[in-house]
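The block underneath contains the structure these notes are about, expressed in structure tokens.
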Amino acid sequence: MKFSLATIALAAAVAASPTNPPAGAGNCNVKGKTGNVTCCNSAIPILGQLACNVLASGTCNSGQTAYCCDTGGNTGLINVIALNCVKLL
């Protein structure tokens with residue numbers, strides 16, 4: 001039982017560890033405007049793209065995909081920034 005708990009805890013820690021930063025982490029260009037690099041969970045098709053994290057540390061977590069998002073016009077109560085995003089390669 002203790003071995004199983006230790007193995008699960010180790011697997012969770014490895015899965016949550018950050019990966020290499022995407023090229024040009026921080027600022028990017030969307031349709032001629034300066035945008036921000038965000039990390040979205042690609043494992044959940046729709047909800048994962050709506051719940052994107054603005055890249056502050058320079059790395060995305062394992063299982064996340066880097067997107068360049070235009071955040072210039074998002075001033076409402078609900079910011080749907082995934083609609084203004086372009087996937088980075």
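Cβ from N, Cα, C; glycine included.
Which of CYS28, CYS39, CYS85 pairs with CYS60 is settled by Swiss-Prot: its disulfide partner is CYS39. If you take the CA of ASN36 (N-linked glycosylation site) and look 10 A around it, the disulfide-bonded residues you hit from CYS28, CYS60, CYS68, CYS69 are CYS28, CYS68, CYS69. Nearest by CA distance to CYS60 (disulfide bond), out of the disulfide-bonded residues CYS28, CYS40, CYS68, CYS85, is CYS40. Closest to CYS85 (disulfide bond) in space, going by CA atoms and restricting to the disulfide-bonded residues CYS28, CYS39, CYS68, is CYS68.
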